[in-house]
Amino acid sequence: MTSLFKRLPRNRLAATRRSSRRVHTQPRPHPSLAIFSRLFIEGPLPAALALLPDLAAAGLRADPVSLTRLVKLCVRHGTASDGRLIHRHVETHGPLSHYSAGGGLFVSNSLVSMYAKFGLLDEALRLFDGMPERNVVTWTTVVAALANLNGRKEEALRFLVAMRRDGVAPNAYTFSSVLGACATPWVLAAVHASTVKVGLDSDVFVRSSLIDAYMKLGDLDGGRRVFDEMVTGDLVVWNSIIVGFAQSGDGVGAIELFTRMKDAGFSANQGTLTSVLRACTGMVMLEVGRQVHAHVLKYDRNLILHNALLDMYCKCGSLEDVDALFHRMPQRDVISWSTMISGLAQNGKSAEALRVFDFMKSEGVAPNRITMVGVLFACSHAGLVEDGWHYFRSMKKLFGIQPEREHHNCMVNLLGRAGKLDEAVEFIRDMNLEPDSVIWRTLLGACRMHKNANLAAYAAREILKLEPDDQVQELNRLIGRISALGYVPQTEFVLQDLAIEQKEDLLKYHSEKMAIAFGTMHAVDGKPIRIMKNLRICGLW
């Protein structure tokens, strides 16, 4: 050791000795800080928070790492009041910029994020406005929070512009967040161009968000173009494009992309399979759905996938598959039972649907609003008026479910199908909510079934009040007028073996009649309506 010190210059030797003395004479941390440091790591959280006033009284402030960890614990426990307590402690000794090495920015970012996660966006923005320094994390936190909040999405885009003007470059997460706020094609195109300009358009999460944004605006071609520009495939992006096509109603496109994904060697996950099953359900493609079922077998205990399969088999009318799958399911929730009840009712098995409902209750599963729609639907199709009234009246009392618009519509359908039209009208008048066009259309359909022209005219007028541009009810009004003038449909032109009422309904909706209805709704008074066609399709014209 002596030889080492001899080799050092005199001034460095003296400095080393002074440094050594400082190490040995450094004061111990304040006892409150020592206890606080242990509590914020080991817990409990309330005990650590209770020490903050003691620290403030001693003129001390906790270090940035400890404070940030406490803020995260507050978010995890869902205690916004505790988060505000930490914020007040931080501000007790002046600006956060007093922390060294970016500690103040570190703490500020965690507080902004905390307020955003609690939904206290105005408080987050107040803190944001008072920050002397902001980085990409600060800006992205605010942009993402605004983009996820209905009514403030335009602000997210304005903040993105302000961020760029402030000299802060957005990252992949910034763009992934703000793309969901693009409500018009031209705004989406501008943000898309920005991702290309900074070289982030190839990022897998940005590309996935781009596809989602195009799909949300109904631009399937735009989403497909972004997808086709991929240099390498990624399961996240495959899922985005498949989900987009399925949700946009292009089931064929979703299934075609799923086949391509499998050919490319990707294994489908829950999100992929759920979307493909939704596409099969919408297209009533039973055989393809059965092929997807083979992939679902890998997820033996996945309730979401099993429920999607159950819905697909119900909508495709394969009751044998429905029954087999339902009884093999390792677990069932209220969605499983509700799907089964609705599926049986929609396939004309109302008695079986109500038996499943009784079995569901015996298993201790509480029904929800969707379950009760299925139950009332089953009563309607079986003509069980008294049972329907019982279930409707007992919803609130027995199950705590407030009847909603769908339940009222089921009751109008039940009474109308049973021929109790006056009772249906009385039910509509006594409803505790305003009837919508769906309810009036339900009544109109019942009037047509039971040949009640006066009540049908009343229902049609109510529909036109709510939806003056509705072409089909306008059409029925016109048919009523021309029938009163002596119009008799020539049903011999309908070659199918159908009942006379069904033949008359088919003749109502020939294209010429639809054109007349549309024309009368939009034509100027006194001007003729001209209908052009190049093919004679009806002997009535």
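Cβ coordinates come from backbone N, Cα and C, glycine included.
Curation plays no part in TrEMBL annotations; they are all automatic predictions.
Taken from TrEMBL, the feature repeat 'PPR' covers 104-134 (among others). Sequence-remote contacts of a segment are chain residues at least 6 beyond its ends whose Cβ falls under 8 Å from one of its Cβ atoms, and for the repeat 'PPR' (104-134) they are 64, 67-68, 71-72, 74-75, 78, 80, 83, 86-87, 90, 95-98, 141-142, 144-146, 149, 152, 166, 168.
The annotation repeat 'PPR' is assigned in TrEMBL to 135-170 (among others). Helix, strand and coil residue tallies for the repeat 'PPR' (135-170), in that order: 25 helix, 0 strand, 11 coil [DSSP].
Positions annotated as repeat 'PPR' by TrEMBL: 203-233 (among others). Away from its own ends, the repeat 'PPR' (203-233) comes close to residues 172-173, 175-177, 179-180, 182-185, 188, 192, 195, 239-241, 243-245, 247-248, 250, 253, 261, 264, 266 of its chain (Cβ-Cβ under 8 Å, at least six residues beyond either end).
Averaged across the repeat 'PPR' (234-268), pLDDT for the predicted model comes to 87. Taken from TrEMBL, the feature repeat 'PPR' covers 234-268 (among others).
Using DSSP to sort the residues of the repeat 'PPR' (302-332) gives these counts of helix, strand and coil: 23 helix, 0 strand, 8 coil. The feature repeat 'PPR' is assigned by TrEMBL to 302-332 (among others).
Summarising the annotation, TrEMBL assigns repeat 'PPR' to 333-367 (among others).
Taken from TrEMBL, the feature domain 'DYW' applies to 486-539.
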